[in-house]
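Input: a single structure, listed below in structure tokens.
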Amino acid sequence: MEEKLKKTKIIFVVGGPGSGKGTQCEKIVQKYGYTHLSTGDLLRSEVSSGSARGKKLSEIMEKGQLVPLETVLDMLRDAMVAKVNTSKGFLIDGYPREVQQGEEFERRIGQPTLLLYVDAGPETMTQRLLKRGETSGRVDDNEETIKKRLETYYKATEPVIAFYEKRGIVRKVNAEGSVDSVFSQVCTHLDALK
């Protein structure tokens, strides 16, 4: 299992809340057969399970704080091990949020092949999130929480991008345009991996 994980393509997908990274991940799954693992989805399903861990996570998320690293890594690892035999690769969505998370991931799981940076401006992200909040029922899609989430995101993510840029594995896509125009940029980067 360990060896298989180390040989598998692992792509970190980083982008702010509302950047459209989730949508891009869905399209990558359809076209390339990767497995999409969103730390947010893993956490939310844990919360809705009503487990003790889920209740703790719920309190943390409602305050707009980040969930402990150990918890996230355990959940990611379990999900990857479950799929390693059938997947063409993994999209790790919303991770790492800080350099230490990336280093810990590499120690415990494997090295990323690429970091895909889905980059949209704060106004665009806010508008998309407010629109999503009308229909999603998510506790964290309101204006005040969005502002906090964006601040948290920028503060945490800039050092991560810088860290992986030194290794030459960051690929940035401009996420201001339509879903398809963003995806064509994504495909250019993924096709280069083959």
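Just so you know, the numbers here start at 1 and follow the chain as drawn.
Backbone N, Cα and C atoms are what each Cβ position is placed from, and that goes for glycine too.
For reference, Swiss-Prot has these:
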MOD_RES   Met1  N-acetylmethionine
BINDING   Gly18, Ser19, Gly20, Lys21, Gly22, Thr23, Arg132, Gly177  ATP binding site
REGION    38-67  region 'NMP'
MOD_RES   Ser38  phosphoserine
BINDING   Thr39, Arg44, Gln65, Leu66, Val67, Gly94, Tyr95, Pro96, Arg97, Gln101, Arg138, Arg149  AMP binding site
REGION    131-141  region 'LID'
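Here the features listed in Swiss-Prot are painted onto the structure.
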residue : record           : Cβ contacts under 8 Å, 6 or more apart
Ser19   : ATP binding site : Val118, Asp119, Ala120, Thr124, Met125, Ala175
Gly20   : ATP binding site : Val118, Ala120, Arg128, Ala175, Val179, Val182
Lys21   : ATP binding site : Val13, Val14, Gly15, Asp93, Gly94, Val118, Ala175
Gly22   : ATP binding site : Ser38, Asp93
Thr23   : ATP binding site : Val179
Thr39   : AMP binding site : Val67, Val72, Met75, Leu76, Ile92, Asp93, Gly94, Tyr95
Gln65   : AMP binding site : Thr152
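Reduced to three states, the DSSP call for Gly18 (ATP binding site) is coil. Under DSSP, residues within the region 'NMP' (38-67) fall into helix, strand and coil as 21 helix, 1 strand, 8 coil.
In this entry, ATP is bound by Gly18, Ser19, Gly20, Lys21, Gly22, Thr23, Arg132, Gly177, whose most widely separated C-alpha atoms sit 17 angstrom apart. The most densely surrounded of the binding-site residues Gly18, Gly177, judged by C-beta neighbours within 10 angstroms, is Gly18.
Looking just at the region 'NMP' (38-67), the mean pLDDT is 88. Rounded to a whole number, the distance between the Cα atoms of Arg97 (AMP binding site) and Gly18 (ATP binding site) is 16 Å. Straight-line distance linking the Cα atoms of Arg132 (ATP binding site) and Arg97 (AMP binding site), rounded to a whole number, equals 22 Å.
Around Arg97 (AMP binding site), the same-chain residues six or more apart in sequence whose CB sits under 8 Å from its CB are Leu66, Tyr153, Ala156, Thr157, Val160, listed in sequence order. If you draw a 10 Å sphere around the CB of Arg132 (ATP binding site), it holds 16 other CB atoms from the protein chains shown. The DSSP secondary structure for Arg132 (ATP binding site) is helix.
According to DSSP, Thr23 (ATP binding site) sits within a helical segment. Mapped onto three states, the DSSP output places Tyr95 (AMP binding site) in coil. Tyr95 (AMP binding site): 23 other CB atoms within 10 A of its CB, across all protein chains.
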